[in-house]
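Below is one structure, written out as C-alpha cells, with a few remarks after it.
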Amino acid sequence: MADTRGALTNYSQALCLPLGEALCLSHGAASLKRHIAVSALFNIAGRALPALLLLVTTPIYLHLIGVSRYGAMAILWLALGYFGVFDLGLGRAVAQRIARVTVKAPDPFTTIEQQRSKIFWSAMIASLVIASLASGVLFWPLLELMIHRVLHLTPELRVEAEHSIWVLLTFLPIATTLSVLIGTLEGTEHFDLLNLGQLVGLVGYQLLPLTVATLGHITLPWLVGAAMLGRLSGAGVLFWFCEKVLDYPRPQFEWRVLRPLLRYGGWITVSAIVSPILNVTDRFFIGARLGLAYVTHYVVPFNMVMYAGILPQSLAAALFPRYARLGEGEAKAMMWSAIRIIAAGMTPIVILGIWLMHGFLTWWLGATFAAQSALVGELLLLGIWINALAHAPYGLLQAQGQAELTAKFHLLELVVYLPLLWWSIARWGISGAAAVWDGRVFLDLVLLLLATQRIWTPVLSLTPSLLLIVVAFVVNLQHGQISTIGFIIFAAIILLWSLMQAQRFTKGWAAYLRKRLKDGRRVVPSGSSTTDSASLPTVAVLMAVYNGARFLEAQLLSILTQSYAQIRLYIRDDGSTDGSVEILQAMADQNPKEIIFLQDHEKHLGVIGNFHRLLQIADQLGTEPYIMLADQDDVWFADKVEITLLEMLQTERWAGKETPVLVHTDLCVTNDRLQIRDPSFWHYQHLDPSRDDLRQLCMQNMVTGCTVMMNRALLKKALPIPDNVLMHDWWLALTASAFGIIRFIPQATMFYRQHDKNDTGAKRFGLDYVLRAVMRVRSSTTFWQLLARNQRQAEAFLARFHKDLSAVRVNDLQRFSSLSARTPIVERMRAVFIRKFCRHGWIRNIGLIMRLAIG
C-alpha cells in the first residue's frame, strides 16, 4: 500500500507504529490497525478545533458584515448542510461496506483493494449524479421559496441571496460528495487523514469568507463563494487521501455494487430526514406558543450543552468501522465497553455543568437571562448524558446492517414526541420542552438497547452514575433551602464519587495512552534487533486440552479464522475421554498446515503441566518469534492476534527482541452460552492491571494466561517452570516483571466463557465475594496457609533467579517469604506499607492489613 503517513503530525507519529508495520498487509494478512483510543483522540481534535475557531470568528464576522447579513449567510449555510440528505445515505453505507470488505473481499475474483475501489467510485459517481439532479429539481426551488416567502429580508439582502443561489448550485454537486469521501476514510480507519482533511475544509470554510470581508467584499455572493471554495479545498484534500488509501485509483462503476449501498442508505436517509425534525421542532413550537423571546432562552443553553457531545460522538465514529468488521457478539462486547467509558467520562462533566449552569449564565448574559434559562440547561444536561450512551448502540445497529431499526425508532419517537412537546410547552413552558426532550432521548436509548440485546447486568452497572447525576440535579434545585457550607460539602462528596467512578473505568485507557506516547518518544537503540516490518511474523498458539469437547470446536474455529493469518496452532491433549481427541484429530486433518496435534500418551499432567510441556515444545522445536496461550473453552475475537501483535511490535521497536516482553488484554466475561455478563473482566473482579510490580505480583496475579502473548526472549527466560508454582501464567508474569516489560491493552479480545468446569474462572467482585473471602480467612491458620502458597512461589522464583536479581529485590523477596504469625507486627505492616506487598483495591488491602495485624 502506498505511503499515506506523510501528513501526520508529530503527535500522531508518537502514537502509531512505523509505516511498514501500521499499514495494511494484503494477500490474506490483516492490517495492524491503530488503536480505537487513538482514533477517538483524532476525532475529538477534529471536532473541538472548528468549534474554537467558530467562537473566535463569529464576533469578527458580526463586526464586518452586520447581524442581518450574517444571519442570512448562516441560513444559507444551514440549508447547505441539510442538503446533505440528498446523498441518500451513501456516506454511511460506504463506511460500513468498506469496513466489512477490509476483512475479506466478497468477490473471490477481485482483490480487497479492487473491491473497495469499486465501492468508492460507484458511490462517488452516483453521488455526483444525484446531487446534480436534486440541486436543480429540488434545492433551487426550495431556496427560492425560502428567500421570497419565508425569510423577512430587506430588498438588498434578497437580491444578494438570489445571486448566492447560483454560487451554491455551481459547487453543490462536488460539495455533496464529502460524505462518500468521509465514509471511505472512516471505513479504512484513517481518522488522522480524515480529520486533517476536514480541518482544511472547515478552516477554509470559516476563514476565506472572513478574508474576503476584510478586503471589503461583504455581499452574500462573495461570502458564499469564498465559503464554497473553502469547502471545495477540503474535498480536494480528502479525495487525494482516499486515492492514496485505496491504492487502486482507476474509476470503476458497477450497478451491482451500488444497489446494496442505496438499499442500506435508504434507511439512513429516513433517519437523516427525521432527526432534524426531532432536533429543531422544539424551537418552532416554543416560538408559536410562547414567542420568539423564549426561543432565545431555550436555544442558548441548548447549544451550550451540545458541545458536551464531542466525546461520545468522537468515540462512536472510531467504533463504527470496528462494529462493521466484527461479529455480532464481539461488536456487542465492544459496545458495552464504550458505553461504560462514555458514562464514566460524561458523569463528572454533567454534574459540574448542572452546578455551574446558573452562575455561568449569570456571568455571561446577566441574572435575568439566567433566571429564565438555567433550569433548561440543567434539564438538558440530564438528556445529554442519556443521549451520549445511545451513540454506541446506534452505531452498532447501523454498522451491523440494521439501519432500518434506527430509522423505525426515529419514526416512532416522532409520533410520541411531537404531541407531548406541544402539550408540555403549554403547561410548563421551555422547561417542559427540555423535560420532554430528555424523555425522548431516554426512549431512544431503551429502544436501541432492547434491539441490541437485553443485557441487564451491564445496564445495572450504569445505575450508580445515573443516580449521582439525579442526586446532583435535585440537590442543585434545593440549593436555596440548604446552607452554603452544607451544599458545598454535599456537592464535593458527589463530585468526588463521580470522579472516582470515572477514574475506575478510564484508568486503564489513560495509562495505555500515556505509555504509547512515551514509547513514541523513545529513541530506538542503534543496532538493536527489532521485527522486520516487511515480513509477517508467525505466531505460535499453544492450546492445552482436557475433556473440552463441549466447547472445543467453537474455540478452534475462532483461532483458525483470525484476521491475522500467520498462525501455527500447537495442541496437546492431556488424556481426554469425552471425544476431544476425535475432534482435534479431525480439525488437524482438515488444517494440516495450521495445526500441530501432539499426542505423547503420557500420564495426566494437569493444566500447569500441560501448558509447561507445550511451552517446552515451542522452545525446543518451534521457531515462531511470538507465542500465545489459549484455553479450550473460550472464543477469540477475530482480531485478537492482530491487536496483541501490534502492541508487541510497538514495544519491541524500542525495547528490542532481546528484552522479555509480555502483552495481555482484557476479557469479556460470558456464561456458557456466550451471553455477556460483563464486557470487562477487570471491572468484573475489581482488578487493577497497572499493578505489575514484582512485589505486588507476589501477592496477587494480574495476568490471565489465555490473553497472553510473549516473545521468545521471555519464553527462554521463564523455562523451565518449577513444580510448585500456583499457575503457569503467574510465573510468566513474575519473570516479565522482574526482567522485562509487561504491557496491558484495556480492550477485550475474547469471550471468557464461565461454566461448571472452569479450572480457574472469574468470580464477580461484590458483597458476596467479600463475605466469602472473610469466611475463608476468618481462621488465622487458614490465612497463613493461603499466604504460604504465595511464599513458596516467591521462594522458587528467588531460588531460580537469585543471581540475576538486584540486592534490593532479593532482600524484599526473602523478607516476604519469611513472614509468619510469629513475625513482629511492625515488620508485618512494613511488608504492606513500605515494601508494597499488597493486593488489588482498598477493600482487599484493608482485609489484608487487618488479618496481618491480628496475626
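Backbone N, Cα and C atoms are what each Cβ position is placed from, and that goes for glycine too.
The domain 'Glycosyltransferase 2-like' annotation in TrEMBL covers 541-652.
Within the chain carrying the transmembrane segment (40-64), a Cβ under 8 angstroms from the stretch's Cβ atoms is held by residues 12, 15, 70, 191-192, 194-196, 198-199, 202-203, 206-207, 209-210, 213-214, 218, 307, 310-311, 313-315, 317-318, 513, all 6 or more beyond its ends. Look at TrEMBL and you will find 40-64 (among others) tagged as transmembrane segment.
Positions annotated as transmembrane segment by TrEMBL: 70-90 (among others).
Annotated transmembrane segment per TrEMBL: 119-143 (among others), in sequence order. Only residues 6 or more beyond the boundaries of the transmembrane segment (119-143), in the same chain, are considered here, and those with a CB under 8 A from a CB of the stretch are 76, 79, 83, 86-88, 90, 93-94, 97-98, 101, 165, 168-169, 172-174, 176-177, 179-180, 183-184, 242, 246, 251-255, 257-258, 261-262.
The transmembrane segment feature in TrEMBL is assigned to 163-184 (among others).
Through the fold, the transmembrane segment (196-216) approaches residues 7, 46, 49-50, 53-54, 57, 60-61, 64-65, 73, 178, 181-182, 185, 222-224, 226-227, 229-235, 237-238, 241 of its own chain, all at least 6 residues removed from its boundaries and within a Cβ separation under 8 Å. As annotated by TrEMBL, transmembrane segment applies to 196-216 (among others).
Below 8 angstroms of C-beta separation, residues 4, 7, 65, 69, 73, 76-77, 164, 167-168, 170-171, 174-175, 177-178, 181-182, 185, 190, 193-194, 196-209, 211-213 of the same chain, each at least six residues beyond the ends of the transmembrane segment (222-241), sit close to that stretch. The transmembrane segment annotation in TrEMBL covers 222-241 (among others).
Sequence annotations record features per position, and here TrEMBL assigns transmembrane segment to 261-278 (among others).
Look at TrEMBL and you will find 298-321 (among others) tagged as transmembrane segment.
Summarising the annotation, TrEMBL assigns transmembrane segment to 333-357 (among others).
Annotated transmembrane segment per TrEMBL: 363-390 (among others), in sequence order.
Annotation source TrEMBL lists transmembrane segment at 455-475 (among others).
As annotated by TrEMBL, transmembrane segment applies to 482-500 (among others).
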*Note the mean pLDDT of the domain 'Glycosyltransferase 2-like' (541-652), expressed as a whole number.*
92
*Would you kindly list the residues that approach the transmembrane segment (261-278) from elsewhere in its chain, counting only those six or more residues past its ends and only Cβ-Cβ distances under 8 Å?*
82, 84-85, 87-90, 92-94, 96-97, 119, 122-123, 126, 398, 401, 403-404, 406-407, 410-411, 413-414, 417, 440
